[in-house]
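Sequence annotations record features per position, and here TrEMBL assigns coiled coil to 96-123. Annotated transmembrane segment per TrEMBL: 397-421, 433-456, 526-544, 559-581, 631-649, 712-734, 740-762, in sequence order.
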Amino acid sequence: MGAMFRSEEMSMVQLLIQPEAAYQSVAELGELGIAQFRDLNADINMFQRKYTSEIRRCEEMERKIGYIRREIAKDGTVPIPDMPEEIPRTPNSREIIDLEAQLEKTENEIVELSENNHALLQNFMELTELKNVLEKTQVFFSDKSNVQNLEATGGEAANEGKPLGFVAGVISRERVIGFERMLWRVSRGNIFLRQATLEEALVDPKTGDSVHKLVFVAFFQGEQLKSRVKKVCTGYHASLYPCPNESNEREEMLRGVRTRIEDLKMVLGQTSDQRQRVLLNVAKEVPTWEIIVKKVKAIYHTLNMFNVDVSKKCLFGEAWVPTASLQDVKTALVNGSAAVGSAVPSFLNIIATDEVPPTYNKTNKFTRGFQNLIEAYGIASYREANPALYTIITFPFLFAIMFGDLGHGLILLIVGLWMVLWEKTLDKNKEEIWQLFFGGRYIILLMGCFSMYTGFVYNDVFSKPMNIFGSAWSNNYNTSTVMTNNELQLNPSEDYSETVYWYGLDPIWMLATNKIIFLNSFKMKLSIIFGVVHMIFGVCMSLVNHNYFRRRENILLEFIPQMLFLVLLFAYMCFMMFFKWINYSAVTDEDHLKPGCAPSVLIMFINMMLFKSQEPLDTCKEFMFEGQDTLQVIFIVIGLICIPWLLLAKPFFIMYKRKGKVGDVAEPAPQSSHGGHGHDDEPMSEIFIYQAIHTIEYILSTISHTASYLRLWALSLAHAQLSEVLYTMVFHIGLQNDSYVGAIMIWLVFWPWSVLTIGILVGMEGLSAFLHTLRLHWVEFMSKFYEGLGYAFQPFSFKALLEEEEEA
């Protein structure tokens, strides 16, 4: 619990490590994750550091592993297993060399197989295209009208009896239109083009995509046109294939091509099987390889932060380490030296520094969510009181005041319990939004529990009351006309039995037409009371910080006037609420203590602040007790004194201390604690300005923050009314018919009612109450004592490194 109360105490250490043991020692520290290293070579270029060559080797291994992973993904039939649950150990130097050789061998083997497979696929596609050319051109050459059309349009060259020439090939379907136009232009219409579409798409060996092509034959006369046609084919990436003039030669060639295709299919199958076997063997190793290389690369990056001594026989580095973990660091250094058989041990020295240490709050899976809520506002200053400890209770409680409904709280409880019990399975979903909700599973669980508690106090279950202990009220209406009465007004002087309901609200209030008046007063006063208690607790936490950081003068200069101002004004207002509840009764013989004489606490508080008085009604008294007016004047005067007290006392005290230092040179300057909480370097003008801002902010915020807690009342009433409206307008429809039709209607309206309840009342209203609760903690509570000016402890940790890589 002490670790949760404030951050861990940190120490700056210097590590002296022999070069041969440096790798293994840093690896041991990476497994522990307890040291945040400082970069001692910040002024040296990354390319000039000692271990840059080793980092490049790791990057080369990463490239090879990435290539292997892409080839496995490209294959599509070989699955890659997920990251292993147990992180593999860090390899030694010899194992890194073996891994490097294994990756080199695997990459070369896959590259060779891929190149062979690519060449075979290219050959297969060319043979397939040639087969289609030979098959499709049979129809073209058998059609005598081709020659007749060409001779009719061929002009002078055809009349001279020159033989027709032709080229045959294959072209992509999307290039055909431009190809035809270009042939027509270069030949001025003297080329006759025939084409036929291939029924089956071909696979491009380079990309693996399906490509639709067609076969064409271009007839022409003369070598000049032949040259032009070939240039056009080259420009449009058309593949030309040899095609004999004679039919029997084409048949003979076609048989040979088909035989070669069958042989090539068999070779392709064997090559694919061999490649798949290789990929299957390495696929299960890829995740492990990736983890190992990341760990090794991180070790060398960390070693690049170390400095080398003048003799180049020792590495020394600096790191922040939790003081409680110093022995673990020493053990890691011993284990690192022993792993490589180093005869010279490594050393750890604690060094003094004026730097502000990082903030490190130990958490577990239960407290991590609450700590994240606090750190979303700001990282705590070093060793200041941690609000997360108290937020575990106050956050779900304030949420429940706004969300109080036994039924809705039960839904939240079930959702939170589901995420807690099946957390190992649900944690595998790495969606960002899901991880946001899943990280707060214990918050949701507690919010559900507290909402059920407040729902029981409010006696509210899906907007309906529970009559468990019977009612303390009686119905004094005439029994003959009770069914015709449209309103039920509860009169404490006539209908109340003076027996306090055993727990929470009496269920009869949910039926009364004046329930809003009663609940308004009840929830509004509770909101102010809880708000003032919450703020007083925040101011008390500043006392803890003042005492811990040895700023005990601030107890007199800041804490006492702050507490007096808050207690004598606003805590006194809460006292008047309790006194009014206790002192005034509907059943009493004293007229001045009847409900009609009870003064308004708000009006009385305003009159108190303005030094005003108000004439009471006949038989009533202006004040609740004797001497209240004098007591209020005293409270106001003390409260007003607190303002200049806050404004001037601390600056004058600092001025007095500085004069004392000047007069007595031999007196040492007081050392401020880690965190730089002193004012030694600030000019007095800035101190006066800062204190004025601080005073104005506190005085005004005390008033505004008190009013801000009224959101507890407003959201609670809004939630209850919205739930009642939804029940009346939707679910009540099924209750209006007492026959079997009503049962069917209940079943039908239940589903829209449940969807709206979960979506609006639990989802949207729950999110709204969550955000308002977060604001009450960040602004109204934490502003009283929390600086939040620290920076997070980010140790060199393999676990954290791999989790970040997995999220990315």
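Backbone N, Cα and C atoms are what each Cβ position is placed from, and that goes for glycine too.
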Item to complete: Grab the same-chain neighbours of the transmembrane segment (740-762) for me: Cβ-Cβ under 8 Å, and only residues 6 or more beyond its ends, written as numbers and ranges.
Response: 405, 408, 411-412, 462, 719, 722-723, 726-727, 730-731, 733-734
Fill in: Feature contact check the transmembrane segment (559-581) with the transmembrane segment (631-649), CB under 8 Å, 3 or more pairs
yes
Fill in: Outside the transmembrane segment (397-421), six or more residues from its ends: residues with CB under 8 Å to it
437-438, 441-458, 460-463, 466, 526-527, 530, 534, 711-712, 715-716, 719-720, 723, 757-758, 761-762, 765-766, 769-770, 772-773, 776-777
Worksheet item: Does the chain bring the transmembrane segment (526-544) near the transmembrane segment (433-456), so that three or more CB pairs sit under 8 Å (pairs 6 or more apart in sequence)?
Response: no
Practice prompt. Please work out the mean pLDDT for the residues of the coiled coil (96-123).
Written response: 89
